[in-house]
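Copied over from TrEMBL:
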type: DOMAIN; residues: 8-122; note: domain 'Tetrahydrofolate dehydrogenase/cyclohydrolase catalytic'
type: DOMAIN; residues: 141-278; note: domain 'Tetrahydrofolate dehydrogenase/cyclohydrolase NAD(P)-binding'
type: BINDING; residues: Gly167, Arg168, Ser169; note: NADP(+) binding site
Amino acid sequence: METNKLILDGNIVASSIKADLVPRIAKLIGRGITPCLATILVGNDPASATYVRMKVNACKKLGIESRRIVLAEDTTTEQLIQTIQQLNEDITVHGILLQHPVPEQIDERAAFEAIQLHKDVDGVTTLGFAQNAFSLAAFPSCTPAAIIAILDFYNIQIEGKHAVIIGRSPILGKPVSLMLLNRNATVTICHSKTQNLEEIVKLGNIVVAAVGKPKFIKGSWIKAGAIVMDAGYNEGNIGDVDYEACLIKASAITPVPAGVGPVTIATLLKHTVDSAENSFFSIL
Ligand code: NAP
């Protein structure tokens, strides 16, 4: 491996975020509030079950309570919304995470919208998205926030850079584009109908891959010295970036695994603790 390359180590960033949470959680528990994240898993998708388990385990390690709700594959939208409403009303729950994707008979958007804004710790509601777009108080989606946290941790300048984002999903590509724009990057968003993708990616000082296709971003597409952020997570622990080939061109790059993934989970824990603190101050 070349020595002048900066490998953006997500485990180090995640440890730093979690270390900051330890005294805050202790203080909350001292005040009689245990931060609590409710996770909702609908159906039998094994990958989703793994993601939820990783989040629950991460909570446990820090002393954050997790309320694990598992609903049957044939759950209706109404049943799911009813469950979410119960969690909204439960003052001991500070964050609600509905694991995406849900079975196809469910109106996922309607279910996301049922989550109360102050418990929307993964920024999935339209109001949360909009507030985040305006740099207001709502929690941003965790993966976009993790990408920004990694850049900040390594003191990588965002302002003035040309950021090229490949992907425009509501939980990843779109919010990370807005967050980079709010940090004064010049932003280009690419998607499946983009023409001359390779030429556009070559303009990026910061390239964010959020496509959902293994090794989709090729080394030859990367401008020399660019920062490459791989949000992808595909079967077999493979990112959306052809890591070895992009490493040759990039000045800094996130690996998969141990890049964006662990920081996403640490960000979810942070948002849950933030929400628990907000609940304490709101009753004073
Ligand atoms: P998604 O909803 O499937 O969105 C994929 C995006 O990629 C869409 O905007 C799509 O464009 C675009 N795209 C597809 N094919 C393309 C092509 N040939 N050229 C250019 N753009 C193309 O996926 P997602 O939920 O955003 O997830 C993206 C990746 O991030 C996945 O690998 C996922 O596993 C990973 N992920 C990781 C974390 C984490 O914690 N690390 C969290 C969430 C997601 P259209 O809009 O035109 O269809």
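Here the Cβ of each residue, glycine as well, is placed from N, Cα and C on the backbone.
Surrounding the centroid of the Cβ atoms of Gly167, Arg168, Ser169, where the record places NADP(+), the chain contributes additional residues within 8 Å, namely Ile165, Ile166, Pro170, Leu172, Gly173, Lys174, Ile189, His191, Ala210, Val211. Cβ neighbours of Gly167 (NADP(+) binding site) (same chain, under 8 Å, six or more residues apart in sequence): Gly173, Cys190, His191, Val208, Ala209, Ala210, Val211, Gly212, Ala231. Within the same chain, residues at least 6 positions away in sequence whose Cβ sits under 8 Å from that of Ser169 (NADP(+) binding site) are Ala210. In sequence order, Lys174, Ser177, Ile189, Cys190, His191 constitute the residues six or more apart from Arg168 (NADP(+) binding site) in its chain with CB-CB distances below 8 Å. DSSP places the residues of the domain 'Tetrahydrofolate dehydrogenase/cyclohydrolase NAD(P)-binding' (141-278) in helix, strand and coil in these numbers: 56 helix, 24 strand, 58 coil. Taking the domain 'Tetrahydrofolate dehydrogenase/cyclohydrolase NAD(P)-binding' (141-278) as a whole, pLDDT averages 98 in the prediction.
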